[in-house]
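Here is what TrEMBL records for this protein:
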- 12-28: transmembrane segment (TRANSMEM)
- 48-65: transmembrane segment (TRANSMEM)
- 72-91: transmembrane segment (TRANSMEM)
- 97-117: transmembrane segment (TRANSMEM)
- 137-158: transmembrane segment (TRANSMEM)
- 170-189: transmembrane segment (TRANSMEM)
- 224-242: transmembrane segment (TRANSMEM)
- 291-312: transmembrane segment (TRANSMEM)
- 332-355: transmembrane segment (TRANSMEM)
- 395-418: transmembrane segment (TRANSMEM)
Amino acid sequence: MGFRWTSPLAQVLAVGVICFCCPGMFNALNSLGGGGQVDSKVGQNANVALYTCFAIFGLLSGAIHNKLGPKWTIFIGCLSYVLYVGSLLCYNHTKAGAFTIASGGILGVGAGMLWTAQGAMMMAYPREQDKGKFIGYFWAIFNMGAVLGSVIALAINFNVTEVQSLGDSTYIVFLVIMGVGTLTALSLAPASSVTHSNGDHIKIQEFPTWIGEIKAILRLFLEWRMLVLIPMFLSSNWFYSYHFSTVNGRYFSIRTQSLNNILYWASQIGGSYSFARVLDYQGVNRRTRALWGLAIISVAFIATWVGGIFFQRTYTIDMPKPNHDFKEGASYVGPLFLYMFYGLNDAAWQTYIYWMMGAMSNDATVLSRYAGFYKCIQSCGAAISWRINAVGTPYMTELIICFALLGLSVPGALFLAARIQDHSDEDLEPEKDIQEMKF
């Protein structure tokens with residue numbers, strides 16, 4: 001069969017392109033430390049506002065997506081990314097930190113909507129044996145956006161070795177790319193129109209009343225499978241403040257930060273896609289793959305973060321900014337590879353989370369709630385970690401907190417992985433809530 005815009009793969013690839021343009025560009029900026037500003041406090045506090053609002057609206061966004069559908073939920077979310085980058089451009093001229101921080105809060109609302117819709121599509125649209133593959137495809141396209149954004153930042157700032165903010169031209173290019181992604185969101189098909197090659201529709205429940213939807217969301221706090229994954233959810237973005245502000249933003253020159261980020265996000269592409277293929281391997285049952293996957297990411301993060309402890313001992317928060325540059329040669333290679341492995345581990349960690357949630361259901365309505373719950377807990381962790389970073393916590397303390405949270409995630413994930421079934425449970429929602437009259 002030829003190309004169909006309403007096929008599951010086409011729709012997931014489309015949302016990958018949208019995230020390439022919007023969250024991908026945002027990640028390129030955010031990973032420079034402080035959104036590319038010398039005064040990183042503004043960017044750090046904007047991130048606190050962002051993830052605080054993200055936590056609240058991430059939880060509610062499942063209901064919003066189930067009512068509005070993916071097109072409008074993602075379109076509204078994309079607009080908030082455009083506003084945030086516009087506020088950084090404005091800050092270059094006005095130093096209006098309050099506007100940037102407020103835009104960060106608005107971005108939190110929009111990001112909650114976008115990522116909940118994206119998560120539902122990525123987990124619900126593929127067939128069970130292809131869920132890892134679809135996650136890998138999405139993650140590769142999405143992170144190409146951050147790679148491109150970092151290439152743009154490097155090209156524009158290649159001759160800048162002293163400490164200074166990104167120029168207007170960088171922000172303007174990012175705004176244009178985000179605008180393209182925002183318009184692309186309008187082309188997404190309704191979930192009810194998406195069909196597999198044999199004509200089967202994806203599974204989606206009829207929207208209940210708003211009360212019924214809120215009840216279904218609140219029941220997630222009593223769902224044991226969600227509860228045991230909370231430490232994993234919490235840790236999954238906690239380390240970004242350490243990676244982007246403490247390591248990349250603090251240790252390297254501005255152009256080297258951009259080069260580092262090209263390789264950080266490129267490592268995520270390879271890490272997610274290759275790990276997703278392991279999770280989809282059909283030679284063993286799904287429970288075995290879940291256990292294998294957990295073992296792989298556990299060994300990987302332990303090795304990487306132990307290496308990080310040795311690296312972190314080379315500089316502290318009380319020292320002047322080292323401003324190391326890639327032209328230093330051999331002394332740059334070790335920190336670069338550590339930073340790349342941080343990125344690879346992040347991609348594998350989040351790929352595993354999405355794959356585990358996708359193994360619980362095939363229903364887009366249910367999975368949108370799961371995605372919203374995940375993003376709620378994840379953003380709570382990110383808000384706390386960015387605040388810890390903003391108040392001047394010693395760097396080694398930041399690292400130990402990140403490492404400890406990752407370690408504490410393993411028991412709950414192991415408990416669930418040992419109980420994963422070969423086929424998803426489709427009877428997660430009580431029928432009485434599904435059959436309530438529409439609002």
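Each residue, glycine too, has its Cβ placed from N, Cα and C.
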**Item:** For the transmembrane segment (170-189), distant same-chain residues with Cβ under 8 A (at least six beyond the ends)
**Value:** 5-6, 11, 14-15, 17-22, 25, 28-29, 36, 70-71, 74-75, 78-79, 81-82, 85-86, 88-89, 92, 145, 148-149, 152-153, 156-157
**Fill in**
Same-chain residues at least 6 beyond the ends of the transmembrane segment (72-91) with a Cβ under 8 Å from one of its Cβ atoms are 15, 18, 21-23, 25-26, 29, 35-37, 42-43, 46, 50, 61, 64-65, 97, 99-100, 102-104, 106-107, 109-118, 166, 168, 171-172, 174-175, 178-179, 181-182, 185-186, 188
**Cβ pairs under 8 Å between the transmembrane segment (12-28) and the transmembrane segment (395-418), at least three** = no
**Complete:** Sequence-distant contacts of the transmembrane segment (137-158), meaning Cβ under 8 Å and at least 6 residues beyond its ends, amount to 9, 12-13, 15-17, 19-25, 27-29, 31-32, 36, 118, 122, 166-167, 169-170, 173-174, 177, 254-255, 258-259, 261-262, 264-266, 268-269, 272-273, 276, 347, 350-351
**Prompt:** By Cβ distance under 8 Å, which residues at least 6 away from the ends of the transmembrane segment (48-65) in the same chain are close to it?
**Reply:** 73, 84, 101-102, 104-109, 111-113, 115-117, 120, 210, 213-214, 217, 237, 368-380, 382-383, 386-387, 390
**Item:** Beyond the flanks of the transmembrane segment (395-418) by at least 6 residues, Cβ under 8 Å
**Value:** 225, 227-232, 234-235, 238-239, 241-242, 246, 250, 287, 290-291, 293-294, 298, 301-302, 305, 308-309, 312-313, 315-317, 349, 352, 356, 381, 385, 388-389
**Asked** Cβ under 8 Å to the transmembrane segment (332-355), counting only same-chain residues 6 or more beyond its ends: which ones?
**Response** 119, 122-123, 131-132, 135-136, 139, 143, 229, 232-233, 235-236, 239, 243, 247-248, 251-252, 256, 260, 263-272, 275-276, 279, 293-294, 296-297, 300-301, 304, 307-308, 311, 324-326, 374, 406, 413
